Amino acid sequence: MDPVYEKRLAGSPLSSPVKPQNSSPITSPTKLSYGDRFIPTRSGARWHINFDSPNVEKEAAIRCSPQTQSRKSKEVPSVEGNLDSIAYQCLLKNELLGAGIVDLKHSSNLLSDGVADPSGSAANAVGSVSSINNASSSHSSPTNGSCGGMRRRVLYPKENTSLFQYRVHGKNIKDDTSPYSLSPVGENSQKLLRSPRKAQRKIPRVPFKVLDAPELQDDFYLNLVDWSAQNVLSVGLGSCVYLWSANNSQVVRLCDLSVESDTVTSVSWADRGNYVAVGTNKGYVQIWDVAATKRVSHFSGHTARVGALAWNADLLSSGSRDRNILQRDIRSSEGVKKLTGHRQEVCGLKWSPDHQHLASGGNDNKLLVWNASSSNTPLQTYSDHVAAVKAIAWSPHQHGLLASGGGTADRCIRFWNTLTGQPLQSVDTGSQVCNLAWSKHSNELVSTHGYSQNQILVWKYPSLLQMAKLTGHSFRVLYLAMSPDGEAIVTGAGDETLRFWNVFSKTHSNRDSKSVLNLFNRIR
């Protein structure tokens, strides 16, 4: 007989030749386990750890940590693929938790990851759990791109006191599933899979038109592209301003400042589209009549280049590198109003839709809000950005809602309630924010970016889900303008191209007004 085998037979059957190592923190250092079968014990079991019962406060602290936020800034949530993910998660909840979800339209309220419905039915990504059949419970914790504001529901199974007891579940009397069904899932899951889904709006990833724009400057602080209400695009190229008609693609040179040894630094159309304002490098502001192709006004007052222009009916505001904002009524040459508040160059100007407030952004990282009828001091000052604020956009859907974007060191889009002066939300885009524009027909907005991704992003508000990512420019996307119908946008970059994109839908809500003033509902 083999000596080794004989020695093993002579040994004690209850002894272990190798003493086990106390590597696990749960195993007692004095108690040794023998035999080939492990029987679990319930004493000292931590079910909230083993079965993923979340610690709300700890998770909120982890999500709000700077390391987590910096990591999440590179992983912007996207709508693409969310429908399949939602359906899969709801299917798991039906089979494992007995959630009883039968319609995908309302399922986003039951999601544990806070993903919003891409169709817009759950824009806030917040919902209350209505029917879980006592299989799960909910805890809410604040979560958002800025660690506040929005709340989400986290679902987890309840602790089962009879976890190791075997029990045969009786057949549910209300279960109408056919005994001959070959489906591996239950009736509710079958209804969920057959539930209709709202078709997701497809945003083309390529531009439908590309135009050459030679001498289009690669300067973050300039505004050289604007689209008029008459469907005419104005572009400042070097010392000239060109007009391109979207109706017949005709190109006309409006003016040439080379005779004055000057260059174009900004262009802006009047609301009706009959006049275009031109800011120059020498600090002048010119008003041109497009129909007559002649200059009707010439204003001075700035001591440096004029990089931002904004119209408010017949009132024209101009922002300059001299840190001042001048407001003029083009119908008269007198009554210039000077607004002083920025400490560096003014690079962004936008009037609110109600024509009562002017928002200005500067290279001093400040966002100021001015009242049209108040004194020369700003009404509100926002200092949360840590880089130049050029991208400014007022929401046409919510009164007092203002969006702003910061430069390379900031990379954030921030939202403000100018009625109360409080910040709302923010999202880190991962790259320099150059421009912002709201959709005219839906609660969406588009942003253009520079360093380092040179991309165009379409966002859903207020969920701040990324609906589309458009690429094509090889330089910073510094210029943005929207078509008068609100469907298309044009972007310009230092690669000397203008690209036209279809990003927004023109469809309106079909909900009928229930007001007694709506006479069409009372016609018989």
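Here, residue 1 is simply the first one shown, and the rest follow in order.
Glycine is treated like the rest: Cβ placed from N, Cα and C.
Please treat TrEMBL annotations as automatic predictions, because they have not gone through curation.
Quick caveat, the model's predicted, so the values are computed rather than measured.
What TrEMBL says about this one:
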type	residues	note
COMPBIAS	13-31	compositional bias 'Polar residues'
COMPBIAS	131-145	compositional bias 'Low complexity'
COMPBIAS	178-192	compositional bias 'Polar residues'
DOMAIN	211-501	domain 'CDC20/Fizzy WD40'
REGION	1-34	region 'Disordered'
REGION	131-151	region 'Disordered'
REGION	175-196	region 'Disordered'
REPEAT	257-298	repeat 'WD'
REPEAT	299-338	repeat 'WD'
REPEAT	339-380	repeat 'WD'
REPEAT	470-511	repeat 'WD'
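When Cβ-Cβ distances below 8 Å are used as the criterion, the repeat 'WD' (299-338) is approached by residues 221-223, 265-271, 275, 277, 279-287, 344-351, 355, 358, 360, 362, 370, 372, 376 of the same chain, each at least six residues removed from its ends. Averaged across the repeat 'WD' (470-511), the predicted model reaches a pLDDT of 89. Packing against the repeat 'WD' (470-511) from elsewhere in the chain are residues 201, 203-220, 222-231, 233, 235, 246, 432, 434-437, 439-442, 444, 446, 448-451, 453-458: each is 6 or more residues past its ends and has a CB under 8 Å from a CB in it. Residue counts for the repeat 'WD' (257-298) under DSSP, helix first, then strand, then coil, are 3 helix, 22 strand, 17 coil.
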